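As recorded in Swiss-Prot:
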type     : residues                                 : note
BINDING  : Y138, Q199, N222                         : NAD(+) binding site
BINDING  : S245, Q267, H270, H336, D369, E423, H428 : substrate binding site
BINDING  : Q267, H270, D369, H428                   : Zn(2+) binding site
ACT_SITE : E335                                     : active site, proton acceptor
ACT_SITE : H336                                     : active site, proton acceptor
Amino acid sequence: MSITIRKLDSTSAGFGAELRALLAFEASEDAAIEQSVAQILADVKSRGDAAVLEYTNRFDRLSASSIAALELPQDALQTALDSLAPKARAALEAAAARVRAYHEKQKIECGTHSWQYTESDGTVLGQKVTPLDRVGLYVPGGKAAYPSSVLMNAIPARVAGVGEIVMVVPTPDGVKNDLVLAAALLGGVDRVFTIGGAQAVGALAYGTATVPAVDKICGPGNAYVASAKRRVFGTVGIDMIAGPSEILVLCDGTTDPNWVAMDLFSQAEHDELAQSILLCPDGAFLERVEKAIDELLPSMPRQDVIRASLEGRGALIKVRDMAEACRIANDIAPEHLEISALEPQQWGQQIRHAGAIFLGRYTSESLGDYCAGPNHVLPTSRTARFSSPLGVYDFIKRSSLIEVSAEGAQTLGEIASELAYGEGLQAHAKSAEFRMKH
């Protein structure tokens with residue numbers, strides 16, 4: 001059965017409205033979920049380990065006697081790594097090495113060092129950069145086990161110099177995923193608790209007798225986890241609340257249509273709300289891609305999910321030229337942007353808003369997901385207009401440094417007191433004036 005995918009044309013009168021309708025997405029808040037999460041968090045804050053243990057045993061069908069019994073020692077992580085098939089272990093180790101190398105380079109290039117300068121009167125001004133003390137990493141369990149996400153969250157935190165990384169991962173029915181545990185070891189995770197859900201987020205945010213309170217929580221999760229992260233924000237930092245996955249492909253019509261179709265599938269297979277869009281100035285090529293979609297879809301294990309995603313939120317869009325495609329891409333601000341063209345660098349220079357930019361026909365988005373090196377935790381839902389991929393900079397903070405000399409206190413005191421009086425804050429003014437020589 002052929003797929004029915006939305007087709008748009010940028011020259012049509014209603015294109016702007018059609019594009020806005022295509023992109024429109026608002027995460028629905030389920031009142032029952034919100035109420036349940038609020039109750040769980042309050043319970044964890046009040047009763048600590050006892051509440052976390054109760055919810056974990058109930059939701060994951062366990063019979064643990066204590067939270068301490070749910071912590072995995074480092075040798076369990078080593079055992080998981082050693083149990084992997086040689087090819088799986090080699091792939092995981094290679095991915096970890098590449099992700100680490102990229103983030104080590106990022107640390108050097110992205111202003112993650114302290115600095116200061118001295119003014120002529122001896123006043124010293126600067127900035128002190130320090131890593132976070134402790135970070136919590138949430139990792140989904142069960143069927144949705146993503147070792148790549150462990151690497152992408154843990155490694156930049158470790159490279160940044162975070163003092164301790166605490167990972168939580170649910171193990172429904174006691175089933176552990178060796179790839180996830182091996183990734184935790186390779187990523188430098190210090191402690192692993194086999195707990196999940198809103199109760200795990202609460203334990204990380206508030207701390208319990210066994211689970212230490214963290215300064216920031218990162219990592220993906222289901223609707224309960226997302227709700228819990230929203231609610232504890234402010235008590236701790238969070239990375240982001242991610243929406244459905246997205247891919248936007250800009251193609252000049254010179255790439256194999258099968259490649260492009262499979263790239264669209266690569267995001268559509270995540271879930272029914274994922275969004276896959278193709279922009280191309282060649283109408284005949286768009287038809288070839290549509291044909292490739294119909295031919296390839298029956299061979300995909302997740303074809304039902306892919307079909308629902310492409311029919312519900314996907315689109316094939318004909319544009320005037322590649323320059324217009326770039327302008328539309330900047331408006332969409334996608335999570336993943338592929339520029340599959342003969343001159344990808346030329347068009348890439350015109351892109352201002354995208355979570356990750358994949359240049360050239362050989363650069364599939366999936367390579368970035370797993371092993372290229374850059375982080376795969378990316379802004380979604382057009383937030384790439386103002387936010388960035390997860391990186392080393394998310395695990396550091398900056399403090400201003402001010403050391404005023406006796407001479408500087410005269411000059412700055414005069415300015416500060418004048419402004420303070422203007423704001424009606426006499427103590428501010430006097431605090432500066434007391435240090436001035438009259």
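Note: Cβ is positioned from N, Cα and C throughout, glycine not excepted.
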Rounded distance in angstrom between the Cα atoms of Y138 (NAD(+) binding site) and D369 (substrate binding site): 18
Remaining residues near the recorded NAD(+) site, that is with C-beta within 8 Å of the centroid of the site residues Y138, Q199, N222: P140, V168, P170, G196, G197, A198, A200, V201, G221, Y224, V225, A228
E335 (active site, proton acceptor) and Q267 (substrate binding site), distance between Cα atoms, whole Å: 10
Residue pair Q199 (NAD(+) binding site), H428 (substrate binding site) - Cα distance, angstrom, rounded: 45
For H270 (substrate binding site): intrachain residues, at least 6 apart, with Cβ closer than 8 Å: P244, S245, V305, S309
Three-class DSSP secondary structure - N222 (NAD(+) binding site): coil
Pairwise Cα distance for H428 (substrate binding site)/E335 (active site, proton acceptor) [Å, integer]: 46
Distance [Cα-Cα, Å, rounded] between H336 (substrate binding site) and N222 (NAD(+) binding site): 21
Largest separation between Cα atoms (Å) of residues that the record links to NAD(+), namely Y138, Q199, N222: 13
Between E335 (active site, proton acceptor) and E423 (substrate binding site), the C-alpha gap once rounded to whole angstrom: 45
Cα distance (Å, whole number) from E423 (substrate binding site) to N222 (NAD(+) binding site): 48
Most distant Cα pair in Å, residues S245, Q267, H270, H336, D369, E423, H428 binding substrate: 56
Binding-site residues: Q199, N222, S245, Q267 - member with fewest neighbouring CB atoms within 10 Å: N222
Helix, strand or coil at H428 (substrate binding site) [DSSP, three-state]: helix
Residues near D369 (substrate binding site) in space but at least six apart in sequence (CB under 8 A): S148, S266, H376
